[in-house]
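Database features (Swiss-Prot):
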CROSSLNK  K35  SUMO2 cross-link
CROSSLNK  K87  SUMO2 cross-link
CROSSLNK  K98  SUMO2 cross-link
DOMAIN    11-90  domain 'RRM 1'
DOMAIN    111-188  domain 'RRM 2'
MOD_RES   R233  dimethylated arginine
Amino acid sequence: MMLSTEGREGFVVKVRGLPWSCSADEVMRFFSDCKIQNGTSGIRFIYTREGRPSGEAFVELESEDEVKLALKKDRETMGHRYVEVFKSNSVEMDWVLKHTGPNSPDTANDGFVRLRGLPFGCSKEEIVQFFSGLEIVPNGMTLPVDFQGRSTGEAFVQFASQEIAEKALKKHKERIGHRYIEIFKSSRAEVRTHYDPPRKLMAMQRPGPYDRPGAGRGYNSIGRGAGFERMRRGAYGGGYGGYDDYGGYNDGYGFGSDRFGRDQNYCFSGMSDHRYGDGGSSFQSTTGHCVHMRGLPYRATENDIYNFFSPLNPMRVHIEIGPDGRVTGEADVEFATHEDAVAAMAKDKANMQHRYVELFLNSTAGTSGGAYDHSYVELFLNSTAGASGGAYGSQMMGGMGISNQSSYGGPASQQLSGGYGGGYGGQSSMSGYDQVLQENSSDYQSNLA
């Protein structure tokens, strides 16, 4: 006897936009008019690689009529959020549940963990001592750095077996020095994404006062400062052959070539906007939905920030560290959806300990992982009305592609014509950026003469 298509695919709907703290009982109440197969066992939540709720779930129903009833709940609200309901099937459900969450094949059986919250200047020896008694494979430790060669506060460690990695996870929230360390399951694929630097962002880096533009070959004309040179020489802290095991990144970053990053999207939370610190943040969002915080107490921890946004559940928190190794009082917080980022803005001007905290939205509806194109970047940096220090304000910036013109906001005689691309919306208050460009422009023009 042949099963019908519906019988083979089941009666499944996918739900998106659930509150982070949502339980199976709450989903049952949301679908109270529908008959869910096996009760709460028919509700399958989707989790991130770190084991956090993704805000999505599959719901198995008893018949096609129940599916139709469930679809009528689309765009109804649960708490303060509206919930989307889509028709799905058991094939999609099985595949997604198998390939997501902390126990997916992408994260299992390779022995990787990711550490977050390391003290500034933490060495590999300190990490080895932290995991004393647990065998780490040779060259199995990676300490990523940002574009200025500074530690990001994260590390990847590969243990000799998955069983040892599981033991390492039990040290979650233990301390190195005065900092408690968060430990998450990771994978070789995640390590690769940290090894492949955001090349488009390199092209956007502010030139130093002694950097000189190249011969006007698109991205190749961007000055390469000392921080970039440190990273180009393998300043990721060793391990895995200095990129070579992951595709030979030591051969160069593809300046002026087609290798110039067409595969990754990033949400910029820094740039030269001095409201975001000096010259940009090392934070790179994978969702494109971020909120920037300013005015944090200097003793604030990542856990304090998670609690600040409760009941929302941020995916990631990045506390900025200044060149002197001290916290700047600013942080970037990544959310899974634009709706969550907008909801988080309700906390603007709320107090954390003895200080009120300012929030700046860096998210647009319908984006995921930034707003990249092969040839241009559009950044939407929205600030609250009257906020000071915003070089870009709420202007839209477009450009930075391969172009023969630039529009950094000065007179035409002061603008570069060698391939910077341009497109800062006519802003001229770029925290010294114009002056540097003018100096570089005069050097560049004298070389051509």
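Using N, Cα and C of the backbone, Cβ positions are placed for all residues, glycine too.
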Length of the line joining the Cα atoms of K98 (SUMO2 cross-link) and K87 (SUMO2 cross-link), in Å: 19
K35 (SUMO2 cross-link) and K87 (SUMO2 cross-link), Cα-Cα, nearest whole angstrom: 15
Other C-beta atoms that fall within 10 angstroms of the C-beta of K98 (SUMO2 cross-link): 12
Which same-chain residues, if any, lie at least 6 apart from K35 (SUMO2 cross-link) yet have Cβ under 8 Å of it: L61, E62, S63, E66
Protein Cβ atoms within 10 Å of K87 (SUMO2 cross-link), excluding its own: 16
Residue distribution over DSSP helix, strand and coil in the domain 'RRM 2' (111-188): 16 helix, 28 strand, 34 coil
Average model confidence [pLDDT] within the domain 'RRM 1' (11-90): 91
For the domain 'RRM 1' (11-90), the number of residues DSSP places in helix, strand and coil: 20 helix, 31 strand, 29 coil
